[in-house]
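Input: a single structure, listed below in structure tokens.
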């Protein structure tokens, strides 16, 4: 059973310049480190032509990745942590596949695939249920409320005092109730009921005063334990890097998978003081440079632990830069280079093309630039190939093994057709003919209506819509040859392209065949994507849910070295 792919991500794969180190055991099962940045544009890195943001990626020193969920509406992600929506448990993730091959598996960073189903503590959609052995990170995603948060420390202090008060009153209620039932004390029932009512009113007043997503969605977890609620967003990235290095050290003598899912460079761009003002591109550029520094620390740790030669590192982004991310006239989203569109657009290249950088010394030739189209869906068959695992046989697998392409044993991508979705709505189809013509055809069946019309983005709605009045349906579809017009600026017509009708029919036939392979599934992001108060996660006793166990841990370790 195969859900519709919500969006097929493209990546141009280049490799790190690398050096050789000593041979290591487990060579038949390489370590795998997948690093995904959130909302990074393809034009934001130096190896893709940007010379104004300092980064060291692809230099000498330096995941539809998991699977998809779809919606019948325009809401395309899990809306908050109080919804029962989440990744279906019958999906096979790359973590589950590698775990069967004897890998230790860890996820550090953003999850955003759901958390609870029936209660706030059932954690039915926790990463542990999808093949991960270790988890530390943010179960949701960054939202504007997460940062900055100037009043957080005062609220934590007040909450601890208020919770102490509630506990004392509750103890008094229990004591008086037991004493009255036993005949030891004589107190009016009205007094006991008044104290109980006081507790409920206090809880209701506390809960109703904290309506911001900051308190219910901006939190961190280690395993099943909430460690920060709300989290200190600017320090979260640094803690995650330490967790990643600790994971590498713990599992250095056995094959492992580490999926490091950055909170960077998603708005509101929480950035430490060390990087504020360091770039030429405001807060966004600062956040990119901080991300690069963190990436460097992870790569340095791989090298320091002697893991370089037997570790595949794959660096990418989930989709293109968020063009509509702005505060006033300040741009807070990424740059997608020459490509039209960006995040949330089902077909335009700016939302599909993302950085793709691979390092595997001795196995993947260094310094190569591969311009063949690949997809984040290729991660599953690729890790299956290098680990000796088997792909599920009960469903269609859209991804392809990247190793022949990366190692130079294949000239062209195994993808002949790629289908680009916006939610459950197909927007475009890409055809890469298996010949040496060099053509890359793309037919757009649906395109978003930009707001304003010539803006290149949907600035009124913040993200473009998938269907309805805010999209344009094309019959026949708009046709481009990306090899000649990568910016998708001038649609081809029968008058300007002799192969126009042939290409349109070829794409239509492929689309018909593709749709025959699709089976209906439950739309996780529709009816299930509605909030339930009883599913809100809580660090403590609801609704007194504020805590900072990271700070407590930090203080308990002083003056010893912190982990």
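The backbone N, Cα and C atoms fix where each Cβ goes, glycine too.
Checking TrEMBL for transmembrane segment across the ranges 122-140, 141-159, 160-178, 217-235 points to 160-178. TrEMBL assigns the feature transmembrane segment to one of the listed ranges (47-69, 70-92, 93-115, 185-207), namely 185-207. Same-chain neighbours of the transmembrane segment (160-178): 185, 187, 191-192, 195-196, 198-199, 202-203, 206, 540-541, 544, 546, counting only residues six or more beyond its ends whose CB sits under 8 Å from a CB of the stretch.
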